[in-house]
Amino acid sequence: MAVDQSKVLSLVETIKQTALQDQGACRSAQSHFQLLGLIDELRLAVETPTETVLRLIYQPPQNAALRTVMDLGIFPLLVEQSKCGMSATELAAQTGAERGLIVRLMRVMTALGLCANPESEVYIATDKTVALTQPIGRDGIPCM
């Protein structure tokens, strides 16, 4: 099924206008929620049906990886070392997990945007990493 270019371009323009509103003096929770909804709509307009199905298939393994990272206590370690980051070897030593497992888990966390990966097997905290160490993340993720 071909992508409807006119719909995509229309959504891009609507996203642009909504993003400008979301950054201006009129910023509100409602405008931000609307912007996120439009971005989701754009992704669905661009994704092929197969890509949508694959994204859904990959969600449970991603959630399992996230829960494992939470159980290992990796995010607080990254936040503590936020200036220089931590290597997979350092994370393995701190958590007791195998380095290979850390590398595979952190590849998923980086792809999800939950931390940064400035060089091979080195991980740095982001604002999203910090959120996962606060009650909303720390307490919510185990409920998945």
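Each Cβ is built from the backbone N, Cα and C atoms, and glycine gets one as well.
Per TrEMBL, these features apply:
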DOMAIN    64-128  domain 'O-methyltransferase dimerisation'
Just to be sure I understand, if DSSP states are collapsed into helix, strand and coil, how many residues of the domain 'O-methyltransferase dimerisation' (64-128) fall in each? 39 helix, 9 strand, 17 coil
Local confidence of the domain 'O-methyltransferase dimerisation' (64-128) - pLDDT mean: 97
